[in-house]
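Here is the structure we will look at.
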Amino acid sequence: MRQDHLISAAHLSREDIEAVLDRAAEIDDDTAAFRQRHAGKVLGLCFFEPSTRTRMSFDTAMKRLGGQTVDMGPVESSSVKKGETLADTVRVVEGYADALVLRHPSEGAATMAAEFVDVPLVNAGDGAGQHPSQTLLDLYTIRENAGLDDLTIGIMGDLKYGRTVHSLAEALTNFDASQHFISPESLRLPRNVRYDLHASGAQVKEHTELDEVLPELDVLYVTRIQRERFPDENEYRKVAGQYQIDAETLKAASDDLTVMHPLPRVDEISPDIDDTDHATYFEQAHNGIPVRMALLDILLSQADD
Amino acid sequence: MRQDHLISAAHLSREDIEAVLDRAAEIDDDTAAFRQRHAGKVLGLCFFEPSTRTRMSFDTAMKRLGGQTVDMGPVESSSVKKGETLADTVRVVEGYADALVLRHPSEGAATMAAEFVDVPLVNAGDGAGQHPSQTLLDLYTIRENAGLDDLTIGIMGDLKYGRTVHSLAEALTNFDASQHFISPESLRLPRNVRYDLHASGAQVKEHTELDEVLPELDVLYVTRIQRERFPDENEYRKVAGQYQIDAETLKAASDDLTVMHPLPRVDEISPDIDDTDHATYFEQAHNGIPVRMALLDILLSQADD
Amino acid sequence: MRQDHLISAAHLSREDIEAVLDRAAEIDDDTAAFRQRHAGKVLGLCFFEPSTRTRMSFDTAMKRLGGQTVDMGPVESSSVKKGETLADTVRVVEGYADALVLRHPSEGAATMAAEFVDVPLVNAGDGAGQHPSQTLLDLYTIRENAGLDDLTIGIMGDLKYGRTVHSLAEALTNFDASQHFISPESLRLPRNVRYDLHASGAQVKEHTELDEVLPELDVLYVTRIQRERFPDENEYRKVAGQYQIDAETLKAASDDLTVMHPLPRVDEISPDIDDTDHATYFEQAHNGIPVRMALLDILLSQADD
């Protein structure tokens, strides 16, 4: 990659993305070959807000490369509570580790932190900002299941607040995908994201009904609609119900439709889809390992040079 | 073992138990030989309720086999809080790990979870249900100190609520032990456990006084009587005091008596016993390592085949 | 070292200290040579009160030696909550680990715990008591930057409550340093520490103003003055402000002045010092790794013999 850190998917060129996905595919083919690749190295995990999935996934990825991790632990019991700045914290932890993974509740935290450290830093989520390793594993899953060329993808649910969705949509502009956005009116893509997509020449359409577009999709990416976005419980129920899918819904879809979800799900995807060939969300979660292994491998190898 | 998972001690035949204990003895004899046995493998620790002892013991066991662990962390900061089902959680974590250890507050959770995963799953406690690796380390400790043949064992304390005790009692029916149960009337073995023991032809006697049976015991297994089982503090004190032992108590016992306790203890066993040859409870806790190493070694090796 | 455990810096002779610092320097020169030194060994981390910095630093150090760690986790979810004594806890955990690191809120806890275990135990802080590995990394940082011979050091800030300071001051009596203590009247060194320093023949002077002594210092060791030591917010502000330094302050200092701080800092040291050659506090924090590696290496190697 051209950069030493991974802060935003928006910084990744098509070549960068393909370098990570190709390495992930190599790892998937022959994990054993990477088992001692970074033996003796240590990855620092700095999570300033709770995370199970992402933290475990980076932790596992580093260990599958033969490395070790050290975890800052919950912020309540950390030096942060004594008034330490983020800049000081990362400068200390950098002395322990060969690379850092940072999650922080404030947008822009990773950009700022990266200015203070010399080891590679991966942004694992900064508030409403970026979460680029999620985007990479989404792209990997799409490439493995439907291909990134001539792709027709539907992205459904909460398109207003979901950083996962914004980041994926922008990354897909590198690949000439047809993107369909399906959501209630109140949870449409934010204006600035729509603007950026149009500016980059992406083929974008917006819908309020899934059935308008379902039959032509290669991939349906579902996200959760959060109750707390609605002032009223009845309103929530009415809206949310329209964006839930089950085996019956998918009868109108192509046999090859790939259904994805960043997980955890609540009731957006009925369990009766789990055993169908459409269900790709667990595979998607599992792809976090080879993709994060690939990312760490590339950043750590670059830092060695 | 005949099964891929370890859910309940009740599923273990005498042959299964002996296979684990024999492997544990091999490990105790030559730990170094196992030091790289599962290098490159990862054990997922999913503790849905707090545990120090059991979690540390599995963590250590995996590392002593050359493997690594990844920990889900406290449930308060996990995806479970967002409404994820246990089935979804274990299906995600299975993608990170070569085997899973699960503790959960609901009885039956491990049985259910095992239906959703392909990697070996070990039940590390499911509510009032089973905790089979504790039973295996208890059996190992008995075998090493008193032998499992022609054993006369006393099990004392809270026999009503203690899952450790029920599981051990049932496992001992594989070995023709004489079992004496010593407890206050209100904390007797539950009817269903007594029924199962009788049905399996076990030699079982119940007592309210330790001195009725102490001289003939090879092993005395003490458990804690919890204050919260009694409506009244005075009642608790009166009862609990009768089931506490000290060096004076043990004057009536055989010189070879082995005293066990699953720990932590509060005041059931006086510290003046700690330096006597009777005290076997710390050794028992330490046996968690070779026994859990043996268990993981067997399950991981089976899964490789 | 002459002892099996490390409980207090006061137990360390000049020879002991130099043995650790020399080993740390070896490690700094050629970390790779130590990368598998303690492969297969496990360090038990028992933190009875929260710690980020010290815990991560020991965790990293053990892993940089090829070893593994197991962590007791937060005390709220441990057996301690069930009423287990410290003696019982360490006797159980000793069975899992080749060495233990203990932090505990009660002064004297480490001394007591060491009586119950056979594996090496390192005191990582016992209340207002000792934190000897901090002292060793402070000494290492001084030796690398200013030398321990003919040293003139100023120690500034909260000298009354800071255990770090007391321990460092006492350790420096092994090296004929000139020690200047700079603090408000209300936060002077405690009488007993002054007494011990004088009794050991140390050259000690006390000041209330930094500028009295700044020009002659080789090292300035700054500590935080905590708001909660003062009954009144205004009083705190007035006092604390006098013991904060910035680039302007340091114009009166030698070009070679080494500025240290145990971190975290709040506003005792202005960020405008960070980019000067004086700033040595991040290097000091990073020195925790080679120094703790050296300490663990020596204790684990002794235990092998």
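Just so it is clear, glycine is given a Cβ too, placed from its N, Cα and C backbone atoms.
A:Arg53 (carbamoyl phosphate binding site) falls within a helix when secondary structure is assigned with DSSP. According to TrEMBL, the carbamoyl phosphate binding site annotation covers A:Arg53, A:Thr54, A:Arg103, A:His131, A:Gln134, A:Leu263, A:Pro264.
Here TrEMBL flags A:Lys82, A:Arg163, A:Arg224 as L-aspartate binding site. The Cβ of A:Arg163 (L-aspartate binding site) has 17 neighbouring Cβ atoms from other residues within 10 Å, across all protein chains displayed. A:Arg163 (L-aspartate binding site) falls within a helix when secondary structure is assigned with DSSP.
If you look up TrEMBL, you'll see A:5-144 marked as domain 'Aspartate/ornithine carbamoyltransferase carbamoyl-P binding'.
Annotation source TrEMBL lists domain 'Aspartate/ornithine carbamoyltransferase Asp/Orn-binding' at A:150-298.
Put simply, A:Arg163 is the one of the binding-site residues A:Lys82, A:Arg163, A:Arg224 whose Cα lies nearest to the Cα of A:Arg103 (carbamoyl phosphate binding site). Applying an 8 A CB threshold to same-chain residues 6 or more apart, the list for A:Lys82 (L-aspartate binding site) is empty. A:Pro264 (carbamoyl phosphate binding site) is surrounded by 21 other CB atoms, counting those within 10 A of its CB over all protein chains shown. Using a CB-CB cutoff of under 8 Å against chain C, none of the binding-site residues from A:Arg53, A:Thr54, A:Arg103, A:His131, A:Gln134, A:Arg163 qualifies. With a threshold of 8 Å between Cβ atoms, the binding-site residues A:Arg53, A:Lys82, A:His131, A:Leu263, A:Pro264 that neighbour chain B are A:Arg53, A:Leu263, A:Pro264.
Sorting the domain 'Aspartate/ornithine carbamoyltransferase carbamoyl-P binding' (A:5-144) by DSSP state (H, G, I as helix; E, B as strand; all else coil) yields 70 helix, 23 strand, 47 coil. When every Cα pair among A:Lys82, A:Arg163, A:Arg224 is compared, the largest distance found for this L-aspartate site is 36 Å. Proximity of A:His131 (carbamoyl phosphate binding site) to non-local residues of its own chain (separation of 6 or more, Cβ distance below 8 Å) is seen for A:Thr54, A:Asn123, A:Ala124, A:Gly125, A:Arg163, A:Thr164, A:Ser167, given in sequence order. DSSP assigns A:Arg224 (L-aspartate binding site) to coil, not to a helix or a strand. Between A:Gln134 (carbamoyl phosphate binding site) and A:Arg224 (L-aspartate binding site), the C-alpha separation comes to 16 Å.
The average per-residue pLDDT of the prediction over the domain 'Aspartate/ornithine carbamoyltransferase carbamoyl-P binding' (A:5-144) is 93, rounded to a whole number.
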